[in-house]
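Below: the structure, in C-alpha cells.
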Amino acid sequence: MAEVKPEDMVHHTPMDQLQGFEYCIDSNPSWGEAIALGFQHYILSLGTAVMIPTMLVQLMGGNDHDKARVVQTLLFVTGIKTLLQTLFGTRLPTIIGGSYAFVVPILSIIRDPSLAQIADGHTRFVQTMRAIQGSLIVSSSIQIILGYSQLWAICSRFFSPLGMVPVVALVGLGLFQRGFPVVGSCVEIGLPMLILFVALSQYLKHVTVRHVPVLERFSLLICVALVWVYAHILTASGAYRHTALLTQFSCRTDRANLISSALWISIPFPLQWGAPTFSANHAFGMMAAVVVSLIETTGAFMAAARLASATPPPAYVLSRGIGWQGIGTLLDGLFGTGTGSTVSVENVGLLGSTRVGSRRVIQISAGFMIFFSMLGKFGALFASIPFPIFAAIYCVMFGIVAAVGLSFLQFTNMNSMRNLFIVGVSLFLGLSIPEYFSRYTASAQYGPAHTKAGWFNDYINSVFSSPPTVALIVAVLLDNTLDVKEAARDRGMPWWARFRTFRGDSRNEEFYTLPFNLNRFFPPS
C-alpha cells in the first residue's frame with residue numbers, strides 16, 4: 001500500500017460559522033424569493049399546527065368546527081410569537097410554534113374527573129380549554145422569570161460544547177417517531193415524497209434558473225404540490241374506498257374536515273373561549289412542560305444559530321429569548337391555542353436544506369400565518385395536506401438538526417475517553433429513558449409515575465419523556481463533575497468562552513443587536 005504523503009492529508013479546521021450559505025441571518029434574498037421562501041416555511045409549519053389539535057380537540061369533546069378554530073388560533077398566535085422572537089428575542093430565524101411537550105399535562109387535565117363527567121361535548125371542550133388556558137397563563141411565569149431575570153444565562157455557564165452535543169442532537173433525533181412511522185401509515189404517499197424531496201433538494205440542487213438554484217431552494221414547495229395532487233387523484237379515484245379507517249385518515253385528502261368546518265373570515269382574539277379557570281394542581285403539572293420546552297428551545301436556538309451562519313447566541317441573548325418564549329406561552333393561554341410554545345424544529349432544518357438563514361424570510365412566513373389564519377377557508381385548504389407528506393419532510397429536517405448537534409464535536413477532543421463516555425451515555429439514555437416512558441404509557445394508559453399527586457406524576461412523566469431534557473440532565477451533570485479541572489480544553493471551553501458574553505466577539509453585535517436602537521435602553525451584559 002502506498003504511503004500517504006503529508007500534503008495529501010486533509011485537515012478540516014473547526015469553524016465558528018457554517019460555510020456555503022447563500023444568505024445568512026442578516027442578509028436577504030430578493031423580495032420575490034423571500035416571499036416564496038416564507039410561504040414554504042408556512043407550509044412546513046402546518047404539520048404541527050394541525051397535528052396537535054387533531055390529537056387533542058376530539059379528546060376534549062370538541063367537534064370539527066372546534067378543531068378548525070383551534071388550528072386557526074394556533075397559527076395566528078404562532079405568527080405573533082414568531083414576529084416577537086425575531087424582532088426582540090434572540091433575533092434568530094426561528095418559528096415559535098406549538099409544542100408536543102405539553103401533551104402529557106394537557107391529557108391529565110382532559111382526564112380530570114370534574115371535566116370528564118360533563119355530558120355535553122361542546123361544553124366539556126370549552127371548560128377543558130379554559131382549564132388549559134389557566135394553567136398555561138400561570139406556568140408561563142417560569143420562563144418569563146428565568147429569562148428576564150437572566151437566571152437562565154447564569155445556568156448556561158454550566159453548558160459546554162460537549163454538553164450541547166447530545167442536547168441539540170436529540171432535539172432532532174428525539175422526534176424520530178414523527179418521521180418514518182408516520183410515513184409508513186400511508187407509504188404510497190409518504191415514500192414517493194421522501195424520495196422526490198431528497199432527489200430534488202440534493203441530487204438536482206445545481207439546476208438553476210436565472211442563476212437561482214430553484215430545485216434546491218424551493219424543492220419543498222414543488223414536492224408538496226406534486227405529491228398532494230397525486231394523493232388527491234388517488235382519493236378521487238376511489239383507491240381508499242374500502243380500506244381501514246386509519247388508512248383513510250392518513251391517506252385521503254378529504255378526511256381532515258377542516259375546509260368544510262372553517263369559517264370564511266375569523267379573527268382569533270384573547271379569551272375567545274371565555275374566562276380561564278385556575279387550578280394549582282393543573283398549573284404545577286403544566287410547569288414541567290414549560291421546563292421541558294425551555295430546554296428543547298435552548299437546543300433549537302443553538303442549531304438555528306449554526307444554520308443561519310451565525311455565532312452561538314451569547315448567554316444574555318439566550319436568556320432574553322427564553323423570556324420572550326414565556327410571553328409566547330402567556331399568549332397561548334390568553335388566546336386558547338390548546339398547547340404551549342417551542343421552536344419549530346422542522347423549520348430550523350429547512351434553513352439548512354435551502355441554505356437560506358435570513359431573518360426576513362421567517363418574518364414573512366409569520367405574516368402568512370396571521371393572514372391565512374384569518375381567512376379560514378384558504379388556510380384550511382393548505383392545512384388539509386395529508387400528514388405522511390409532512391412526515392417525509394421531517395425525516396430530512398430532523399436529521400439535519402441532529403447532525404448540527406454532532407457538529408459541535410469539532411470543538412472538543414474526541415480522542416478523550418472522558419468525552420466519549422459523556423457523549424455516548426447521554427445520547428443513549430436520552431433516547432432509552434423516554435422510550436421506556438413511552439412504552440409504559442402505551443401499555444398501561446398512564447405513566448411510570450402514578451401516585452395520588454397528579455401534579456407530581458405530570459412533572460416526572462413530562463420531564464423524562466423528553467429526549468433533549470434527559471440528555472441535558474445527564475450530559476451537564478457528568479460534564480461538570482467528571483475530571484472538570486483537567487478537561488477544560490477537551491470540553492471546548494476555550495472556544496466557547498468568547499461567545500458567552502455579548503461583547504466577547506464583535507460578530508455578536510451584528511447578529512443579535514435589538515432593532516430600532518433599543519440597545520440604548522436595554523444594554524446587553
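Using N, Cα and C of the backbone, Cβ positions are placed for all residues, glycine too.
TrEMBL has this to say about the protein:
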type: TRANSMEM; residues: 39-58; note: transmembrane segment
type: TRANSMEM; residues: 94-110; note: transmembrane segment
type: TRANSMEM; residues: 131-152; note: transmembrane segment
type: TRANSMEM; residues: 158-176; note: transmembrane segment
type: TRANSMEM; residues: 183-203; note: transmembrane segment
type: TRANSMEM; residues: 218-235; note: transmembrane segment
type: TRANSMEM; residues: 256-275; note: transmembrane segment
type: TRANSMEM; residues: 281-304; note: transmembrane segment
type: TRANSMEM; residues: 361-383; note: transmembrane segment
type: TRANSMEM; residues: 389-408; note: transmembrane segment
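Long-range contacts of the transmembrane segment (361-383) within the same chain, counting only residues at least 6 positions beyond its ends with a Cβ under 8 Å from a Cβ of the stretch, are 23, 28-29, 34-35, 37-43, 45-46, 49-50, 68, 71-73, 75-76, 78-80, 82-83, 86-87, 93-95, 256, 258-259, 261-268, 347. Contacts between the transmembrane segment (389-408) and the transmembrane segment (158-176): present, as 3 or more C-beta pairs lie under 8 angstroms, all at sequence separation of six or more. The recorded stretches the transmembrane segment (158-176) and the transmembrane segment (281-304) share 3+ CB pairs below 8 A when only pairs 6 or more apart in sequence are counted, and are therefore in contact. Stretch with the most C-beta contacts under 8 angstroms to the transmembrane segment (131-152), considering only 218-235, 256-275, 281-304: 281-304. Residues 90, 92-94, 99, 101-102, 104-106, 108-109, 112, 131-132, 134-136, 138-140, 142-143, 146, 152, 156, 164, 167-168, 170-172, 312-313, 318, 321-322, 325-326, 329, 340-343, 345, 348, 351, 357, 401, 404-405, 408, 454-455, 457-460, 462-463, 466, 468-469, 472 of the same chain, all 6+ positions outside the transmembrane segment (281-304), place their C-beta atoms under 8 angstroms from a C-beta of that stretch.
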